[in-house]
Structure formats: C-alpha cells, structure tokens
Amino acid sequence: QTQLLGVLLAAASNFLISVSLNIQKCAHLRLACQTELKPYYMSKLWWCGIALLGLGEMGNFTAYGFAPVALVAPLGCVSVIGSAFISVLFLKKAIRAADILGGTLTVTGTFLLVTFAPNVAQELTARQVQNDLVRWPFLVYSILEIIIFCILLYFYKRKAVKHIVVLLMMVALLASLTVIAVKAVASMITLSAKGKMQLTYPVFYIMIVLMATSCAFQVKFLNQAMHLYEVTAVAPINSVFFTTSAIISGVIFYQEFQSAALLSVFMFLFGCLLSFLGVFVIARNKKEEHLQSPFIDCGHIPGQKLTGKIQPDSHSSHYGTLNNEDDSVKSQS
C-alpha cells in the first residue's frame, strides 16, 4: 500500500507538471498576441502555471519517501505523454498518429515497470543512510562518476565541446546524486513525521546540501542544452539519461533489486525501454514552435517585394531578419 501511494503520487505529480507547462506556454502565447507587450511575470495565468509546477515537484519529492527510486524516476515519462495530449486542449494543437502510438507505448511500458518494480522497504533511517554512504559499491561508483564528470567538464570548458550528449551526460551524472539525496531526505522527513526523529543527525543536512548543489548545477547545464538545441531533441534524451542514472543509483546505493527475480528485472527493463521508445516517438519530427508574433510588411523597403516579411527571431538578439534579402537590401535596412 505504501509503494502504491508513492506510484500514484508520482504519476499525479508528473501529470500536474505537464498541465503547468502547458498553462505557462498558453500564457506566453496570449501575451504575444496583445497589442501592449507586458512581461510574462505580470500574467496571472503564468503564475498559476508556476504554482502548479511547484506542487508537482513537491509531490515528486514526497513520492520518493514512499516508493523506490527505480519506480519513481521512470514515471517522469507521464509528464511527456501528458504534455502531448494536454496541448491539444490548451494550445489547440492537432493530435498526430505519432502521439497516439507514442502514448500507447509509454502507457504499456509504465504498466510493466510499475508491475515488476522492486518491492523493498522504504523507511530509511539516518543510520542506514550513513552506512550506505561508506559501502564500497557506492564509493567505487562515486569515484567513477567523478572521473567521468571531470573528463566531460574538461572537454566542455577547455575544448569548448558543447555537444548535446556531453551536456546531458553531465546533467545525468549530477541527477544520480540528486536522486540519492532526495530519497534520503524524503525518507528521513517521513519517518520524523511518524514520530521517529531523524532530523538531528548530521547526515540529514549533508544530504540537503548535496541535493541543493547538484540541482543547481543540473539547471546550469540543462539550460545550456536548451539554449543550443531544440527542446524536441533535449527532452527525450534527457528523459532517457536521467531515468537510467536514477535507476543505477537506486540499484547501487539503495540495493533495490537485490532480492528481485531475474524475470522481474527483465520485464522492468523492458517496460523502461518501451517508455523511452514512446517518448522518442512523441518528440520525433516535432518542430520547435515560436511565439505568435505578427509579421511586419516590408513592401516599402526598396528591392523587397510586397510579400516580403520580417519575422522576429527569438533565438537572436536582433529583432528579425529579411527573407531572401540581398546585399543592397541589407545595407539599406
């Protein structure tokens, strides 16, 4: 019953996150269509989306206190499939065959991973967390993670290698530490709420610092990836990398599959694979959408046809660019 509560809480929280993202997008589109431009933070609709996002993330955090990491992390795919279908209502998008196929694959995979997820005790005391931190499998895993992260960071900083895989690999490595810390903090808070005080142990505050630090650097590298690449490329790759790193960290740190049968492990991994495939199918061939900005008639610019337009470019500091413009038009404009 405890694990089922965590599953329902994680699924509902990720669905809430997908609703919040679509509300924020809707707010941006409404502001772009207004004659008097206003900052997005002046929109009540945008703040409504932010409030729902906060509730969703809080629910996700709480879910780690009731269910295994290997079960909560893959349920992030619910937000992807939710966004695909909720956008039909909020943003009036047309539903595609790829959305239906991807949604079917994701739902099937989610059912399998929930059914065959490890069934382990979720009440983790501060002493258990302390013991897990000094076990040799986690120490070896941490050393390997630090070495790989340093190598990627070297190429990122020194060689200016900003490939999407490099950026999202660093995000995933940091995410594995975040998941470990979130699970520990959520479990200790849950136990404390039940009367078994765990907040007096130093490891609780160490985990809070680890969680906050790793989250901050995750946001940094994820924003860099979002700036350089389209969201349709970043979202599915980040989902796969994050889920994989979270499952590995749960296996090594919390030993979640220690007593699981081989068939259960295989079916769980197969469910994850179906979920990943569904996310890629939904994101496949989706073009990045820009805010609805009115075109500016360029009929009075010498050398430009009446059908010529200027389209504001959201990826540039310049206002817009001329389509099919020659050098003379450039110099005059």
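Placement of Cβ uses the backbone N, Cα and C atoms for every residue, glycine included.
What TrEMBL records for this protein:
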TRANSMEM  6-24  transmembrane segment
TRANSMEM  45-66  transmembrane segment
TRANSMEM  72-91  transmembrane segment
TRANSMEM  98-118  transmembrane segment
TRANSMEM  138-156  transmembrane segment
TRANSMEM  163-189  transmembrane segment
TRANSMEM  201-219  transmembrane segment
TRANSMEM  231-254  transmembrane segment
TRANSMEM  260-283  transmembrane segment
REGION    312-333  region 'Disordered'
COMPBIAS  313-323  compositional bias 'Polar residues'
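Taking residue pairs at least 6 apart in sequence, the transmembrane segment (138-156) and the transmembrane segment (260-283) share fewer than three C-beta contacts under 8 angstroms. Same-chain residues lying 6+ beyond the ends of the transmembrane segment (163-189) with a Cβ under 8 Å from its Cβ atoms: 61-65, 69, 73, 122-126, 129, 145, 148-149, 152-153, 155-156, 198-199, 201, 203-204, 207-208, 210-211, 214-215, 217-218, 221-222, 224-225, 228-229, 233-234, 237-238, 241-242, 244-246, 248-250, 253-254. Remote same-chain partners of the transmembrane segment (6-24), defined as residues 6 or more beyond its termini with a Cβ less than 8 Å from a stretch Cβ, comprise 45-46, 48-53, 55-60, 62-67, 71-72, 75-83, 86-87, 90-91, 110, 114, 122. Long-range contacts of the transmembrane segment (72-91) within its own chain (CB-CB distance under 8 A, at least 6 residues past either end) are made by residues 6-7, 10-11, 14-15, 17-19, 21-23, 25-26, 29, 60, 63-64, 99, 102-103, 106-107, 109-110, 113-114, 179, 235-236, 239, 242-243, 246-247, 250, 271-272, 275-276, 278-279, 282-283.
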